[in-house]
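One structure is given below, encoded as structure tokens.
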Amino acid sequence: MGEKNGDAKTFWMELEDDGKVDFIFEQVQNVLQSLKQKIKDGSATNKEYIQAMILVNEATIINSSTSIKGASQKEVNAQSSDPMPVTQKEQENKSNAFPSTSCENSFPEDCTFLTTENKEILSLEDKVVDFREKDSSSNLSYQSHDCSGACLMKMPLNLKGENPLQLPIKCHFQRRHAKTNSHSSALHVSYKTPCGRSLRNVEEVFRYLLETECNFLFTDNFSFNTYVQLARNYPKQKEVVSDVDISNGVESVPISFCNEIDSRKLPQFKYRKTVWPRAYNLTNFSSMFTDSCDCSEGCIDITKCACLQLTARNAKTSPLSSDKITTGYKYKRLQRQIPTGIYECSLLCKCNRQLCQNRVVQHGPQVRLQVFKTEQKGWGVRCLDDIDRGTFVCIYSGRLLSRANTEKSYGIDENGRDENTMKNIFSKKRKLEVACSDCEVEVLPLGLETHPRTAKTEKCPPKFSNNPKELTVETKYDNISRIQYHSVIRDPESKTAIFQHNGKKMEFVSSESVTPEDNDGFKPPREHLNSKTKGAQKDSSSNHVDEFEDNLLIESDVIDITKYREETPPRSRCNQATTLDNQNIKKAIEVQIQKPQEGRSTACQRQQVFCDEELLSETKNTSSDSLTKFNKGNVFLLDATKEGNVGRFLNHSCCPNLLVQNVFVETHNRNFPLVAFFTNRYVKARTELTWDYGYEAGTVPEKEIFCQCGVNKCRKKIL
């Protein structure tokens, strides 16, 4: 009882410190007046009748065991004469009453007032709900029974935008910290269900959800990490510029934006929740998936689930794998990185999508993220709540391009250089070096990738971007049969990571550079992506063509690939990264899969990924052979310059709290993994989320980019 009183006292002290005590009672009074008027004139809904009855009934029970039902009006007035219990229950029931105070169900003056203070109301609701849930079910005792769907409380009407770890609490679960015995010094977390059953670990949570056939709570909504707090208090700063959801409702959870430093807004870009074109549009359906499962118990048994076996089988072939069997997720959390990728259950699988523990990335982000302005690194991303280790954060999305197109559109010479661009780069070097870092690094004069390594290695000249405002992340693979390695980000000049296995080799090449807008207002010319077929060219950067491409893929689920060959000098065979313009940021991921060959032809095969009107009539004629050729030996860029998701704003850190994991969702074709970010440790609320770009300092002597991550083990330089 003392603990409850302490919680209530803390609740009101916090409101008093914020000067919101008067505000909350004004809101309660408005709610009561609204309910009173509607009951008197008969315009109240059933929900409002019930809310009013519960409010008065519970307020009366505080001082008397006699319910308001059957009591006379005189008794009610007598029992309600003490104002303190009534107001206490009013604030406890405020969270139930507020939803009915919409513009449709309340007085006009109340509606206007609530709209202007909406953020404060929602914040207060969260605090009140947490206190009320704890108070209402703390004395619940467990009685032996077989759990079923009747043990669960009804799901709240709207859970979107909530802390995912708060959802069980809103469904009348209790999260408790306790010692396992009197001699133990460590605290452990346990959950108490609405029916009184104790859940001591995630395995018991899964069994309970399986028994109750729950379809609105999942194992990743529960955390048994004692460091994770469900409602962490942090000082709030004044927002200069903000946005409730930069995804405009595309994501399952709103992605907010907040600038507490200046009035600068996010650069214009098209929000894409996943990669476009979709992988299933670029893959022959007959070879899209190599296996599928029909599990009935959540896909946790590797002896029964074909998808878990596929992940384990590929992981075993990796020279980096351990002797321990790797199955991927453990109850929807990733315990360690799997170089060969995770194969999630697909649309061909017959398992229950809600109970399946091997479906994570395909459900989209669940944690609350916020894009914000950092002090030194430009835009960044932070979490608004505590996140447990192994939690999925987001993917890196964008537009999938054919590198051949980007090279052509930029007019790169055979040596991969642009003399005018190089002059701009070095003339701006000193001026821009101080102002930029991590997510906003100025021009990067380096060879963005190396050539595919053959038995006889030759060096390629570096290629410079003609746009000093971009971030390019690039990954290249030389094919190992049945192996897909993680996209290791390494400096490409001569530091390529090469893995030998079964007489074949795989190399990873990636690089990136980011720049803020120049102080002189320099803006590079905007490049256009061209669709070509049989000599015809169309500008695909226009909104009309963009919309056409989107509609085409949705309606036909088929994409045509145009192929042509172009003779190039031997030196241009070096696969060099091309870059695209961006007002603030450029990120791309390039993947190449090739088999090393003796006496390789000097012809460079170029294929166009995108469709235009002229290709529409040819889509039905696309054969499986042409798709196979498209996947073989081609280079793709995942470009987030103008289109992408929240992942495009993630910064670098030498000690990151995110790891990068390839995940196969829409196809098992190793050309098209989703690049997903998971937490590699517990992350506290309001902490910036970062990943290691993987550069090695000193690889480009002409350019130095200093790191601003500020960790103890900082490498001081990104390049």
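Cβ atoms are placed via backbone N, Cα and C, with glycine included.
As written in Swiss-Prot, here are the features:
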- 72-82: compositional bias 'Polar residues' (COMPBIAS)
- 157-229: domain 'MBD' (DOMAIN)
- 291-364: domain 'Pre-SET' (DOMAIN)
- CYS293, CYS295, CYS299, CYS305: Zn(2+) 1 binding site (BINDING)
- 367-694: domain 'SET' (DOMAIN)
- 520-530: compositional bias 'Basic and acidic residues' (COMPBIAS)
- 532-543: compositional bias 'Polar residues' (COMPBIAS)
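Location within the structure of each feature annotated in Swiss-Prot.
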{"residue": "CYS293", "record": "Zn(2+) 1 binding site", "Cβ within 10 Å": "21"}
{"residue": "CYS295", "record": "Zn(2+) 1 binding site", "Cβ within 10 Å": "22"}
{"residue": "CYS299", "record": "Zn(2+) 1 binding site", "Cβ within 10 Å": "27"}
{"residue": "CYS305", "record": "Zn(2+) 1 binding site", "Cβ within 10 Å": "28"}
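Secondary structure counts, DSSP: the domain 'MBD' (157-229) has 21 helix, 12 strand, 40 coil. Sitting within 8 Å of the Cβ centre of CYS293, CYS295, CYS299, CYS305, and not among those site residues for Zn(2+) 1, are the Cβ atoms of ASP294, GLY298, ILE300, ASP301, LYS304, ALA306, CYS307, LEU308, CYS345, CYS349, CYS351, CYS356, ASN358. In the domain 'Pre-SET' (291-364), helix, strand and coil residues by DSSP number 14 helix, 6 strand, 54 coil. For the domain 'SET' (367-694), the model's average pLDDT works out to 52.
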